[in-house]
Amino acid sequence: MPMTSALRRTARYLVLVTLALIFVAPLAWMVVTSLKDYPDAQRIPPSWLPDPVSGYGYEQILNSSANPVLRWFLNSMLAATLHALLVLVTAAMAGYALARLRFRGRKVGFALIVATLFVPPTSLIIPNFLVVDSIGWIDTLAVVVVPGAASAFGVFFLRQFFLSLPRELEEAAVLDGANQWQTFVRVVLPLSKPALATLAVLSFLTNWNDFLWPIFVLFSPEQLTLPPGLGLLQGAYVTDYPVIMAGAVLASVPVLVLFVLAQRYVIQGVSRSGLKG
Amino acid sequence: MADVIEAGAARTDAPPPAGRPYRAGGSGRFTPYLFLAPYLLIFGVFGLLPVVLGVWLSLHQWDFQLPNRPFVGLDNYAELFSADSVVYADWWQAVRATAIFTVASVPLLVTVPLGLALLLNRAFPGRTFFRAVYFAPYVLGVAVIGVLWRFLLDANLGLVNRVAGVFGLPADTPWLTGMPWAWISLVGVTVWWTCGFNAVIYLAGLQDISPELYEAATMDGAGTWDKFRNVTLPGLRPVLLFVVTTTVLASANMFGQSFLITQGAPGTETRTVVWYIVQEGLRDNDAGRAAAMSVVFALLLALVSVANFRLFRYRED
């Protein structure tokens with residue numbers, strides 16, 4: 001029955017494309033609006049395309065001294081990069097110890113880390129404020145880089161991956177006289193590039209997008225990252241939407257580019273979370 | 001994202017493959033601890049210490065501005081349950097808002113992504129592309145989607161009412177300020193934002209179901225619906241448990257959407273528990289009270305998770 005199967009295929013693509021429009025149209029509207037000037041964006045009903053195409057929104061955010069958006073962008077970039085690196089180093093080392101090394105307290109330590117998975121991070125936000133306050137980290141870069149790295153996810157994720165590696169290669173390295181550290185750095189890590197890339201990308205995304213913690217612990221305009229900055233822009237510009245949308249575009253582009261480039265890692269990380277590495 | 005991913009790790013903690021951990025040569029007995037040290041330092045200070053500190057705080061009247069922070073026993077907890085306290089009305093309004101959002105959003109966030117996953121489950125040209133498009137909003141943070149949808153749902157200048165007008169629907173719906181519109185907006189945006197995430201998890205689960213089961217069902221004369229009920233759903237049970245649990249937690253922890261999109265409106269009706277805790281903890285300088293709320297909130301969520309597990313366990317028998 002070629003007729004019906006062709007019909008079904010057409011129907012399938014019709015549904016797929018309609019859905020795609022629902023997901024993409026709001027993002028397209030964000031870009032369109034960021035290119036309008038103020039009077040154009042105030043039209044009721046709104047115009048479908050910018051008329052004229054204007055750099056107004058971007059000029060506003062790049063030249064505003066009250067809202068140093070470029071500075072927020074750099075802060076976010078720096079924080080997310082450092083955070084991803086910190087997670088990689090700490091989680092890889094701990095994950096390796098838990099996967100391959102034998103030591104006293106291994107089970108207790110593991111159980112403790114598991115237990116914290118059941119504590120919602122939002123419920124720790126108040127006491128964590130006290131902790132970062134007492135070490136003088138409020139309103140600094142460190143406060144958005146370090147505390148989030150206490151997450152157990154990376155450790156689990158890499159532990160599972162290391163367990164899936166063939167043990168023979170590590171044993172061969174030991175026979176060649178390598179110690180545990182050398183085995184880890186020269187044999188295990190090079191074999192783990194896909195898992196490390198996945199964790200790095202996910203950690204970067206999480207940190208880049210984090211909103212609740214930064215609005216809680218960052219105050220000075222020049223210390224903000226982009227998400228709390230966007231909240232500030234919204235408060236300052238209210239219905240001056242080209243400006244707010246320009247800020248939103250700036251916050252979206254890096255993660256969307258990263259997603260396009262590293263799609264495989266993101267999707268694998270989400271769907272398998274270590275089941276198959 | 002962090003919440004969901006963290007919870008995801010629980011699912012993937014499969015039993016380790018056979019073989020004991022070994023002690024390699026050429027290293028001291030402290031080596032394993034050195035490997036663990038960097039993580040344990042961060043974990044101890046920002047993961048464990050706050051748990052203890054949170055409980056301790058909740059037993060005190062803790063004003064950041066004042067030097068004197070007296071021990072008050074369970075007073076902070078009692079306040080949450082006594083109708084004549086200052087926080088009672090607001091606290092329960094926040095609990096109610098969180099409950100409404102969770103009850104309204106979870107069924108959609110469990111079923112809509114399943115539909116998407118079924119649609120994407122067979123091989124066809126462009127499959128990877130569509131999967132990426134459906135997932136894309138999730139890559140953006142709540143701040144971006146928050147300010148974006150505040151604008152899209154603006155009653156006068158927004159795209160949503162504009163499009164509604166084109167289709168001959170009312171073009172003046174108060175999405176951000178009226179009831180039940182505010183809830184519809186918050187749930188709708190959250191579905192739009194995160195359904196790609198659950199869809200990807202479902203897809204992985206669907207691909208783990210053996211094709212032979214479907215073939216056998218076809219041989220037995222099963223129709224599409226029978227196959228869905230008797231092969232797909234049972235095959236997805238572990239994934240379903242994971243999705244339901246993480247989605248309930250994510251919805252119960254909702255904050256950014258109502259903070260940025262409805263800004264609590266109308267009144268403070270869409271102010272959630274997390275928002276209220278943060279507000280009490282900072283603006284009103286009462287960390288003890290906020291800590292007590294956090295503890296109660298964490299216990300409530302733990303209860304819900306346990307109930308979830310039991311429900312699915314029970315069905316399995």
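Every residue, even glycine, has its Cβ placed from backbone N, Cα and C.
Keep in mind that TrEMBL annotations are predicted by a computer and have not been checked by a curator.
Residues or ranges marked as domain 'ABC transmembrane type-1' by TrEMBL: B:95-308.
The feature transmembrane segment is assigned by TrEMBL to B:33-59 (among others).
According to TrEMBL, the feature transmembrane segment maps to B:99-120 (among others).
Residues annotated as transmembrane segment in TrEMBL: B:132-152 (among others). Nonlocal intrachain contacts for the transmembrane segment (B:132-152), taken as residues 6+ away from its ends with a CB within less than 8 angstroms of a stretch CB, comprise 1, 116, 120, 158-160, 176, 185, 189, 192-197, 199-200, 255-257, 259-261, 263.
Within its own chain, the transmembrane segment (B:181-204) has Cβ neighbours under 8 Å at 4, 100-101, 104-105, 108-110, 112-114, 116-117, 120-121, 131, 134-138, 140, 142, 145, 149, 153, 173-175, 236, 239, 242-243, 247, 250-251, 254, 257-258, 261-262, 265-266, 269-270, counting only residues six or more beyond its boundaries. Annotation comment: TrEMBL describes B:181-204 (among others) as transmembrane segment.
Taken from TrEMBL, the feature transmembrane segment applies to B:239-261 (among others).
Outside the transmembrane segment (B:290-312) by six or more residues, the chain places 54-55, 57-58, 62, 76-77, 79-80, 91, 237, 240-241, 244-245, 248-249, 252, 273-274, 276-278, 280-281 with a CB less than 8 A from a CB of the stretch. What TrEMBL records for B:290-312 (among others) is transmembrane segment.
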